[in-house]
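*Asks:* Okay, handing you the structure first.
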């Protein structure tokens with residue numbers, strides 16, 4: 001991201017955008033909230049130093065106290081440590097899935113828009129077809145297919161290569177989840193990139209690049225894709241919270257994160273069982289979860305206003 | 001316009017067929033088969049007999065051909081996790097509950113979201129506008145699986161006449177519908193507000209105002225029709241959200257609907273049921289998108305001439 005230095009010889013798009021963004025208080029608060037939550041989840045556990053997996057049954061479902069800032073869960077584990085640790089997995093799954101979906105989306109959309117014609121048409125019809133099913137259904141199907149294969153690999157690693165079983169099982173649970181979410185979540189991104197690419201490749205500078213004899217790959221990656229970055233960044237920021245949400249929904253249904261792993265969705269599901277007697281077990285994970293979603297969404301809205309001032313309607 | 005609708009119908013069928021083929025091969029790409037999950041001790045000849053019964057012993061392409069033929073005749077096959085029951089039976093039995101909750105959810109979304117958006121737009125930049133948009137943002141960010149349990153808690157502490165979960169009395173539809181509809185209501189409110197604001201700033205509205213037309217006819221006759229476009233477009237995705245949401249809502253409130261069967265089909269690796277449900281959902285979605293397209297054509301004459 002561009003820095004906030006004095007404008008030299010006019011200001012670039014990124015500079016302008018940054019200035020507009022920093023004027024939007026809500027977005028800046030959201031940006032700091034996101035930074036804080038990410039740091040808390042990934043660095044916080046080292047500072048806090050409480051094991052999220054150890055607990056004693058007599059200490060179960062305690063209210064917040066000096067010893068347990070957010071209380072304890074149903075088997076006496078420290079809730080704050082579990083929220084931080086669960087956040088790691090929630091965020092990791094969302095980030096990894098976003099990386100996958102953005103990569104596929106850009107490649108697919110750029111090729112479709114750049115090549116044009118019948119290929120473009122077919123590629124976009126495929127996207128339309130996949131968009132016709134609810135996203136959650138596609139993810140669940142994909143996850144089923146991928147887990148089957150990952151399990152085979154996991155078996156090989158533990159039985160033949162002698163890897164640590166717990167370690168393998170842990171990742172056997174996480175990897176199919178983010179691959180499935182990422183591999184199904186690129187559809188809208190590819191549409192956005194395609195529209196941009198199709199209109200950009202009609203422009204004169206691309207024609208000039210072509211007549212200079214540059215290769216298609218170079219034109220695409222150096223001259224077209226960089227110009228579509230604005231919409232890509234906006235949509236990526238909005239993709240992350242939606243993937244956090246989908247991971248949580250899947251975990252809630254028992255089709256996502258499973259013990260010994262944990263995530264915000266899993267914590268909410270566990271908390272919901274003790275709702276009537278111990279409200280805090282649901283409240284705190286749900287609160288952190290919702291604040292994260294809020295922050296990402298407001299940041300995305302702010303980025304849209306900053307990078308694309310014309311598009312902001314309300 | 002009639003020709004346009006026909007082409008949309010054909011497209012819808014093509015989409016369903018594409019999804020059908022995709023899921024057929026995707027499901028069969030999963031290592032292992034529906035019968036080998038738990039019973040590793042099953043004798044070989046028994047297994048062969050069962051495979052023959054379900055048609056799993058034939059080559060893939062033959063299975064596909066047979067399946068296409070069966071589905072065209074309306075037969076979705078046999079469930080493997082619930083022996084002796086057909087997928088058709090299961091869908092027919094669980095459809096009413098899902099349908100009721102889904103219709104309830106859409107009703108909540110429309111009755112809550114559209115008036116909220118209209119009022120927010122009419123009182124633009126007032127506290128009503130800000131507070132209803134804030135409520136809408138909360139509605140978007142609080143997922144069904146948090147809202148559901150919270151509603152349960154609230155109901156449990158306040159009233160006796162609504163059950164917290166279950167599917168016995170007519171009142172049992174209230175909580176699931178509310179949980180399901182609030183998220184979509186929030187989106188609808190935002191879209192309606194945006195649509196209203198755009199139309200209200202048009203010249204013809206100003207002309208109507210200048211001619212002394214009272215505000216109510218202006219809204220009802222001149223604004224709503226155009227302002228509904230974004231909201232109607234959203235109803236397609238909203239329908240998808242309602243289906244996905246129903247998985248969660250049915251789990252929370254123990255509604256005996258299709259969502260539960262879908263989740264069970266995945267966990268018990270009942271691929272026939274899974275695929276049957278996917279096709280069914282595909283059809284529902286295609287139908288919903290078709291209705292949205294037709295509604296848009298009716299609302300906006302310009303679309304009719306375009307293609």
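Here the Cβ of each residue, glycine as well, is placed from N, Cα and C on the backbone.
TrEMBL: automatically predicted annotations, no manual curation.
Quantities reported herein were computed from a predicted structural model and do not represent experimental measurements.
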*Asks:* Quick one: which of B:169-189, B:190-210 does TrEMBL have down as transmembrane segment?
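*Replies:* My reading of TrEMBL: the transmembrane segment range is B:169-189.
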*Asks:* Would you kindly check B:134-157, B:169-189, B:231-253, B:273-299 and say which stretch has the most C-beta pairs under 8 angstroms to the transmembrane segment (B:12-30)?
*Replies:* B:273-299
*Asks:* With the transmembrane segment (B:99-122) as the reference, which stretch in B:134-157, B:169-189, B:273-299 has the largest tally of C-beta pairs below 8 Å?
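*Replies:* Per the Cβ under 8 Å count, B:169-189.
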